[in-house]
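Copied over from TrEMBL:
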- A:20-327: domain 'ABC transmembrane type-1' (DOMAIN)
- A:370-616: domain 'ABC transporter' (DOMAIN)
- A:115-137: region 'Disordered' (REGION)
- A:591-617: region 'Disordered' (REGION)
- A:17-45: transmembrane segment (TRANSMEM)
- A:57-75: transmembrane segment (TRANSMEM)
- A:156-176: transmembrane segment (TRANSMEM)
- A:182-203: transmembrane segment (TRANSMEM)
- A:264-292: transmembrane segment (TRANSMEM)
Amino acid sequence: MKPIDPRLLQQVRAARWYVALTVGLGVAAAALIVAQALLIAALLAPVVRGDATSGPALAWPFAGLALVIAGRAGIAWAQERYALRAAARTIAELRRAVVEAWALRGPRAAGTTAVEAAEGGPPAGAPASGGGNGASPEAEVATLATRGLDALEPYLVRYVPQLVLTALLTPALVVVVLGLDWVSAVILIVTLPLVPVFMVLVGRLTAGTSERRLATVERLGTQVLDLVAGLPTLRAFGRSFGPGERVRALGDASRRATMGTLRVAFLSSMVLELLTTLSVAIIAVGVGLRLVEGAMELQPAIAVLVLAPEVYLPLRRVGAEFHASVDGVAAASRAFALLPSVRSEDEDVPASAEGLGGRVTSGELVLEGVSVRAVGRGVVAPAGLTARIPLGAGSGRVVALRGPSGSGKSTAVLVALGLLTPDAGRVGLVPAGGALRDLADLSADERDAWWAALTWVPQRPALPPGRLREVVLDGASPGAARSLAEAARLTGLDSVVGALPDGWDTHVGLGGVGLSVGQRQRVALTSALLDDAATKPLVILDEPTAHLDARGEQGVLDTVRAWRDSGRTVLVVAHRASLLGLADQVIDVRSAPEPATGPGSCPEPAPAGRSTTNREA
Amino acid sequence: MTTSTQHLAAGGRSDPLRRVLPLLEVRPVKVAAAIGFGVLALACAIGLAAVAAWLVARAYQMPPVLTLSVAVVAVRAFGIGRGVLRYCERLASHDVALRGMAALRANLYDRLAADDRPVTVRRGELLARIGQDVDDVGDVVVRALVPAGVAVVTSLGSVILLGVLLPAAGVALALCLVLAGIVTPWLAARAAARTEARGAAVRGEVTALSLEVLEESAPLRVSGRFGARLAALDAADARLSAIADDGARTSGLAAALGALAQGLAVLASLTLGIPVAMSGSLSVEALSVVVLTPLAVFEATAGLPAAAVQLLRSREAARRLLELLPASDPMSAARVARVARVARVARVPGAAERAGAPDPSGEEGTSCRTGASGTAQEAGGALLVLDHVAAGWPDAAGWPRTAVEGVSLALRQGSVVALAGPSGAGKTTLLMTAAGLIPPVGGTVSAWSAERQEVGIPGYRSSDVLPTTPSPSATLFVAEDGHLFDTTVLENLRVARGDVTAAEARTALDAVGLGAWLAALPEGLDTVVGTDAAAVSGGERRRLLVARALLSPAQVLLVDEPAEHLDGATADALVRTLAAHARATGRAVLLATHRLTPLAAVDEVVVLGHDAGAAHGVPATVTARGRHEHLRTTDATYAWSTSQER
């Protein structure tokens, strides 16, 4: 493990600046510590020798010592003051970089979470940096961005300064001691390297035992929490009192196991303390004995006595803050592991000459033989999907995507949005009288224009935290507030609001916490209804009636009708008969077994993606 | 030190930490031992500095070497002793802390088990944090109590040492130690508290925004809100930095004062000592000790700012733990122990099986009753009677908000009744009220055992009556989010009844359609289902919970949404299983569902909902009731809703 991740200095401005400041303060601190020792010796030695003269001869060293003390207080202030500031900024800089980089992963990777959630199956594309076992990469990134990076604070504030001091102060003081008394310097030079050597040795010897024991401790802790979490259930069965004894027994077992670990783990710090204190004692005794023999002057002897503990101090503190360093370095390397790999995928395609020319308000969305391999499921879903969906034709149109669970309906929606590039086939826009423009070839501006022309309500709608009214109006035009009541009546949100204690001012947590899934669905639909029909000719709904009872479903049907009546195209993933009955055009989505030959050679499934026209509007 | 610990334990009512400390069952002797080791370790460091100072000054006068031998040995002994004693101190203090945490966990469990309030969202959050909070409270021993004790004792010792040699220097050292040991930690704690208090909201905002950008990046990008969200994150983080920066001013001051104190002590010793030594009334050895000892003493106070911050953090954790416990009058340990003992008596084999039997613990149990004796005669052979019940959750101010009202129904042996209606009509709330988990807003809930004895309904107890569990539950609420424990399938089923046999377990699992699932498990009934039952799908989990309910001795099963997470056919089969179980065993089942198709199997469907045109906020009522087939022909909405379920 490296004590400081070089990427921290290369990529984070706040950290670079901070380490430079710490080095500067470390040099100053070293100088002041030496000056303090020499001045104390200069003041004390004449008195002990009995040749001191009072008056101005003592005044100068006194003034010097006072200045040194003020200087050391100043350094302590600056170190603490700027360390905390730098830590907060470093964390903010890294958090922003991680969050943005992860959110802007390539379109393929970005789609995986949504597909996973929607289809309840494994992701359609492997994430950029596979998490493998344990928590999903998404959860890991979320933990890192919200709490994990906080480990950098103790690392930067406590550990890094001591590390810098160890690197600067220790050699400088050894040189000074060498000038004062070479015998003491030799003792320092011999003992200093022993400290890390012994610590590593002890660490190696104990690592295995500690890890095994820690696993036991963790398991015991989990069992106690499991019992507490299950209390409502136990209480319902009237069995909540029995496990009390068990919690006690588990706690005792946990303590015994932990103490076993600690007995071994504290050995390394004992070695550290023992070596450093014993070395100081040896130096003190050596200096004393040479004084008796007259082999040494008094003044350097006092200076060496004052300096000796200072030589070991930073090293001892580094040892004490070792855990801060482990956590901090681990958090930093996890963050940097995410950054480069995700950045490379977000390459914008340059705008082509035959651009879409501003907003997409007419033409067709075309899917031609679109196939997406669902990694890990051994199927292609959707397989060979072909459809032509007219946009903003003026008369309004409901297009339904139909198919069994897992056939790739939600994936097809992601492909149509341009969030996912199909493994085979094409998806693109055909402007009125123009040629097919692949969504994958759109420039960043064109892609934004395409997204600006549509409203998408995912199966699990994204609700920002805030008061319900703000949540619904988030991203809507300023005039939309006037249509709010009307829209809420249509989707049935008004009855939800009426039943809430604080009505429109109810606080909604991130992801809609506080609302049921069906209620979130209605909030998202209401929000979508407020979008301007003229600029957003396409509405995409993913299973809008899932989680709704019969009455809630009626609200969705009314909403979809309202959209059609306002001349928009509604692309809807539909399961229930009621919604399918509303469709002007039904597209069947099918999956096919994955061919063994490899990517890009999807079989020609029988007439999949057949468009049937139910009813002409 | 013992006195200070006892003082802490006896503690006032206001400080949450003092209220929680008794739950740690900390033994003062153990704390004193830990502090003793710490004091000795630090005394070694200070002694080393003092004796070495004496040695150098004495050695300069070139006495016979033998006269120095005691000092030489002492210096070396201190050099070795410090490391060893510090090791002992750390082991002793961690032992105290771990014992404290274990006791705290157990005591919290006992109190939570005795507490019958329903788990609300806020309490759920607190429960999720309980592990971390217990650790934080326990840390107060290692990181605050012991360092503070060590600092006090060693500081006093050093002041006495210097004071004996040169009283003025002793006073100066005492003043500097107050600066470093009291003023500095106070400032550090104040800075941390201010930063925490002001930063909490912003920190929450940063977390929320980060999570939103991470989890919802695709919808945000498509709807064009991505840039605005990132800008908001930047702004929130900038505010967080500004708050940290503000706190850093105070902590910087604290750090400067800490450094200044040590320097001032040395300077004062020099200023006061040199004139006295030159006048000859202070030996040069003593001067050397007076000047050089303070360099080592301040190690005692170096850790105190961190200790003060830890104290603050532990206090916050203690406050959260107290929030979990009954607010008004936290039960004394003795009372909890009594409740637990009584409960164990009540759980002797046999008592559990004879569901609804009178409480063996005597009069306390039978006093847990509901009123409505008038309905007792009308009820006939009913096990559970709801008489014009209004149900609702208390709002933030503690006033009940009625979600549903005017519900009357009687569950007899073998009867199966379903509550239907749209989401938000109060089905779950009504079930929980029937189970006694929340008190009814209006009307009465009465329960009888099969032997016609009125039994206690939890949730009606006044504070002087023992909590729920002594009476074997006559009613069982099967929550949608019931807990599967981190243990084997069989042990999870035995939560219902301690003596469930493997054969009974297999039968119950077969009944809910998990026979094939069980056969596929690597170790059958002994397979561990894991924390949060991660190895179990939503549908399997649901059915496991129902299987557990089937094995319960409870006479009335109140089942919430048995069909959730299941496909239509499985869901319908599960409802039929429940109905068959009730009829075969003479139990009663009340289930809440929004899926109507399987309700052909139940005796009566009670449809909850709002009348068309009802004003908002008005409680739901019974809009229709009857047999499934009857409702399909007479109620248009019901018929339409059923027809949509294909």
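The backbone N, Cα and C atoms fix where each Cβ goes, and this holds for glycine too.
Since the structure is predicted, the reported quantities are computational estimates derived from the model, not experimental observations.
If you look at the transmembrane segment (A:156-176), the same-chain residues 6 or more away from its ends with a CB under 8 A from one of its CBs are 3-4, 15, 18-19, 22-23, 25-27, 29-30, 33-34, 79-80, 83-84, 86-87, 90, 185, 188-189, 192, 307, 310-311, 314-315, 317-318, 321-322, 324-325, 328. Against the transmembrane segment (A:17-45), stretch A:57-75 shows more Cβ pairs under 8 Å than any other of A:57-75, A:182-203, A:264-292. For the transmembrane segment (A:182-203), same-chain residues at least 6 beyond its ends with a Cβ under 8 Å from one of its own Cβ atoms are 170, 174, 267-268, 271-272, 275-276, 279, 282-283, 286-287, 290, 304, 308, 311-312, 315, 319. Here the transmembrane segment (A:264-292) has long-range neighbours at 181, 183-184, 187-188, 191, 194-195, 198-199, 202-203, 206, 209-210, 298, 301, 304-305, 308-309, 312, 315-316, 319-320, meaning same-chain residues at least 6 beyond its ends whose C-beta is under 8 angstroms from one of its own. Residues 25, 28-29, 32-33, 35-36, 39-40, 42-43 of the same chain, all 6+ positions outside the transmembrane segment (A:57-75), place their C-beta atoms under 8 angstroms from a C-beta of that stretch.
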